[in-house]
């Protein structure tokens with residue numbers, strides 16, 4: 001079949017109608033944990049808007065040319081040939097096997113992620129998995145195969161990250177970025193047509209191999225569970241582009257990654273199996289702007305028994321799973337939550353973006369607006385009055401590449417520290433990191449920005465010293481433990497006001513954000529009248545939509561004045577001074593954890609308030625959510641009057657203790673002169 005860039009959606013829909021699977025009674029089989037909400041096919045307007053959607057996405061580089069696609073396939077062929085030859089060499093060295101039997105061991109390279117799903121963009125990387133027979137060790141992959149890669153003239157920026165949760169080799173090969181993971185199967189030979197979806201392959205494997213296999217298994221299962229792959233791909237391309245433009249595409253920073261967005265789109269495709277991409281985008285925002293988190297998103301039912309004994313996501317069994325804020329569960333065994341990194345702030349920001357996206361698509365349907373409005377960038381650098389800048393730097397390129405990835409993976413811990421501060425309402429990190437501002441600046445430098453919204457508490461001092469110092473101490477300590485820290489690797493953290501961002505952010509980005517924010521405010525005022533009526537009409541477009549979705553008017557976050565998280569984040573603070581400091585390197589003896597204790601700091605522990613990451617089960621009707629899963633949690637364990645047992649105490653824990661306004665006002669943080677992070681005299 002041709003790619004979706006060479007065929008109209010009307011043709012794709014007709015092909016899909018002819019090839020839908022049937023059961024023994026002649027009824028169509030629809031995947032999912034529930035029956036579809038609507039089986040209606042696309043209307044002429046839906047098809048017209050779907051074709052316009054494809055044209056609107058082309059300028060953003062979401063479709064590759066045939067030449068670029070051919071180049072990717074050529075690169076994968078080279079890598080696959082290298083893997084087969086490498087396995088032969090390892091076999092000769094280890095087993096003294098006759099040459100005529102060496103070829104029988106096999107081995108292959110599989111793809112997963114966006115490339116396997118068919119939604120990769122121009123210049124995107126390719127996620128690959130190297131599969132080897134049982135006599136090839138992981139240590140061989142990170143030693144001898146890594147050495148082979150380093151000798152290839154096409155290889156650039158090669159780095160092996162063997163200590164990662166999923167060990168990986170990263171590189172650029174002939175202009176294409178590749179991430180290579182490794183799995184050794186308990187098989188003497190690897191056939192070229194091996195089916196990785198079979199659970200029998202997981203027998204006698206260690207957890208690292210299972211995690212490496214999980215990428216391919218999840219991707220293949222997602223494609224197997226969507227009713228119309230072409231509509232799914234077009235919709236996913238649009239949602240991924242929207243998420244990147246709105247700054248909410250990053251698993252490592254606490255938002256959603258590619259596989260999570262794919263599963264959300266796949267769930268909507270299951271609910272509306274015959275819908276056009278334009279309709280699916282509308283339903284996507286409608287469904288998830290009202291989703292009752294932490295109700296999990298499931299593409300298939302969870303297994304009732306765990307025969308192989310690998311850890312699986314199940315809050316009925318694992319107490320720690322009950323504290324996940326936005327669970328989206330992978331469909332392949334062992335099922336995992338792909339959104340473990342989501343924090344209170346990132347969930348609040350994403351829910352706000354879902355609401356904004358719904359309003360935009362409503363206008364596209366009712367007023368004929370262009371799809372370009374959906375892909376307008378966010379105004380992050382105009383949204384807040386106060387920002388925290390995390391700066392990672394090194395002197396050598398090799399050290400910088402390693403340090404950059406390491407710091408990026410830890411920033412969510414800083415966001416968690418800030419969220420647990422009683423005075424901070426929102427800590428919003430943007431995935432858009434920036435390099436040097438001028439040519440004279442160190443080329444090996446990267447900056448991340450965190451926007452802050454403070455709780456409305458009058459006449460209080462805010463001391464963020466503990467939050468910042470505990471983060472840097474942890475970062476340096478773990479870097480020393482895994483032996484990646486070098487003398488030139490440093491991380492600095494500064495507080496800046498919005499008007500001071502010009503010293504860190506290019507003027508082009510600041511002007512873009514300023515224009516986006518002005519436009520957003522003007523459109524917000526104009527839509528307060530008739531626009532709201534049109535939106536309401538579309539919200540009730542299908543009776544089954546509203547009947548089957550449990551609506552929630554607010555996504556509550558833990559604030560002392562109980563404000564709704566749907567309020568546009570705005571900083572209510574006024575700082576009289578700015579104190580920027582360079583935090584000490586761990587090789588310096590001045591770093592001390594004990595000196596940073598703050599008497600007003602929120603402590604990790606069991607939440608005592610009614611607001612918690614886990615919902616109470618109020619009735620049998622509510623527990624059986626049509627769009628979610630029949631996951632029932634013991635109501636007694638969710639009682640707001642008792643502390644939870646087994647509350648997480650990790651530094652990145654999303655659990656927060658609630659305090660009253662009286663408690664907040666009675667707590668005076670100490671003023672530390674010269675502290676690296678000190679904001680004074682917050683006023684309403």
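Using N, Cα and C of the backbone, Cβ positions are placed for all residues, glycine too.
According to TrEMBL:
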type     : residues                                                   : note
DOMAIN   : 32-226                                                     : domain 'Poly(A) polymerase nucleotidyltransferase'
BINDING  : 112, 113, 114, 121, 125, 126, 127, 179, 240, 249, 258, 259 : ATP binding site
BINDING  : 125, 127, 179                                              : Mg(2+) 2 binding site
BINDING  : 125, 127                                                   : Mg(2+) 1 binding site
DOMAIN   : 232-376                                                    : domain 'Poly(A) polymerase central'
DOMAIN   : 380-432                                                    : domain 'Poly(A) polymerase RNA-binding'
DOMAIN   : 439-510                                                    : domain 'Poly(A) polymerase RNA-binding'
REGION   : 517-684                                                    : region 'Disordered'
COMPBIAS : 525-541                                                    : compositional bias 'Polar residues'
COMPBIAS : 588-597                                                    : compositional bias 'Polar residues'
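Positions of the features from TrEMBL, shown on the structure.
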residue: 112; record: ATP binding site; CB count, 10 Å: 24
residue: 114; record: ATP binding site; CB count, 10 Å: 22
residue: 125; record: ATP binding site; CB count, 10 Å: 16
residue: 127; record: ATP binding site; CB count, 10 Å: 24
residue: 179; record: Mg(2+) 2 binding site; CB count, 10 Å: 18
residue: 240; record: ATP binding site; CB count, 10 Å: 22
residue: 258; record: ATP binding site; CB count, 10 Å: 21
Alpha-carbon distance [residue 179 (Mg(2+) 2 binding site); residue 258 (ATP binding site)] in Å: 14
Secondary structure composition of the domain 'Poly(A) polymerase central' (232-376) [DSSP: H/G/I, E/B, coil]: 74 helix, 6 strand, 65 coil
Tally of residues which DSSP labels helix, strand or coil - the domain 'Poly(A) polymerase RNA-binding' (439-510): 27 helix, 22 strand, 23 coil
Residue 179 (Mg(2+) 2 binding site) and residue 112 (ATP binding site), Cα-Cα, nearest whole angstrom: 10
Largest CA-to-CA spread of ATP binders 112, 113, 114, 121, 125, 126, 127, 179, 240, 249, 258, 259, angstrom: 20
Binding-site residues clustered about residue 179 (Mg(2+) 2 binding site) [Cα within 10 Å; pool: 114, 125, 127, 240]: 125, 127
Mg(2+) 2 site shell beyond 125, 127, 179, criterion: Cβ within 8 Å of Cβ centroid: 113, 115, 126, 128, 170, 177, 178, 180
